[in-house]
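Enquirer: The structure follows.
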Amino acid sequence: VQEEKIFAGKVLRLHVCTMEGAEWLEEVPEDTTVEKLKERCLKHCLPGSLEDPKTVTHHKLIHATSEKVLTDTKTVLEENIQDRDVLLLVKKRAPTLLPKMSDVVAEEKRKQEQKAPDKDAILKATANLPARSADRSVTHHNMRDFQTELRKILVSLIEVAQKLLALNPDAVELFKKANAMLDEDEEDRVDEIALRQLTEMGFPESRAVKALRLNHMSVTQAMEWLIEHADDPSVDAPLPGAAPAEAPAEGAASSAEAAAGPSSEEGGEEAKDELTEIFKKIRRKREFRPDPRAVIALMEMGFDEKEVVDALRVNNNQQNAACEWLLGDRKPSPEDLDKGIDTNSPLFQAILENPVVQLGLTNPKTLLAFEDMLENPLNSTQWMNDPETGPVMLQISRIFQTLNRT
């Protein structure tokens, strides 16, 4: 018996796989180097291609269990490979070639050409152009004028709509329905996601609804309010004006029944008075309610409470805009918000002559939309998407834009 066979190491049976799906068993002594094992594997899966000495160096063996890349100079025993272990023969990725210097220079040149010009380059290129710098304050003022003019149009259209609807023999019934629709609208104006967040925290639903309405649907502010008023005995009391809202409705119903009697001047006067009361009731529901947090913040800056309320009303409860209004020229004034447009102006005449607007003014929902947009300009998108009021708002906007271009 040969000496090398007597002292030969333990023979290991290794399961070898390739990325192409080939599998076979290799039996090697544990003192075999990884490089020799790799050569045997390559002879098995790539016969006749080992003439190229780079073939061996372009492949590597990976231990499947440990995901370790085996070192060529170490033995199977030194790599702690056991019998029946699985090895993966993988071709190494080709190293990334370094770019040529000419390519680097061309790329840098291309980047420089695409780079935005600096301030000096802009000034040099525009040195001979006439100066036409737009004043931002003028732009802001023009935007303010647009909002003011649109508000004036709505104020005047509300007056026209009230007169047209008052001529309808079913005006009282129409506005009772409109008033009920307004109540439903107010009830539905609770953010469901915000409400769910509060109820999931453990707050009662009715209390959470009240907190959201008092805090402009802000979850954070509503949560703070709920925590502050947790021990308040009146925390579950309805909002001011919510409970008495039903009583006038019953009174209106009884007045409507009285007005439904024999046709007479007295009956007409009663119906007219009742319609006036309903108009007032709708307007009261749209009365401006200043944000209490904004009021406190602005009063802490030293402004009088009445000034603060006026500023918030003019700027739709936007605290920063209200602060700028208080520190600026205070235009438009609160009185300007209730002024209508000149009824003899070409703009107003063009709006009234539009058949879509004429038809819309006979719909109580249009009047409600106008009232709502006066106090909540942010709701204009909602009314623009409404199938009944949207066409009217679209025509008013088109006429306004057309006449302002001329």
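Numbering starts at 1 and runs along the chain as it is shown here.
Note that Cβ sites are derived from N, Cα and C of the backbone, with glycine treated the same way.
TrEMBL: automatically predicted annotations, no manual curation.
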Enquirer: So which range, 117-155, 234-272, 351-389, gets flagged region 'Disordered' in TrEMBL?
Expert: 234-272
Enquirer: Could you give the number of helix, strand and coil residues in the domain 'UBA' (183-229) as assigned by DSSP?
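Expert: Within the domain 'UBA' (183-229) the tally stands at 34 helix, 0 strand, 13 coil.
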Enquirer: When DSSP states are grouped into helix, strand and coil, how many residues of the domain 'UBA' (289-329) land in each?
Expert: 27 helix, 0 strand, 14 coil
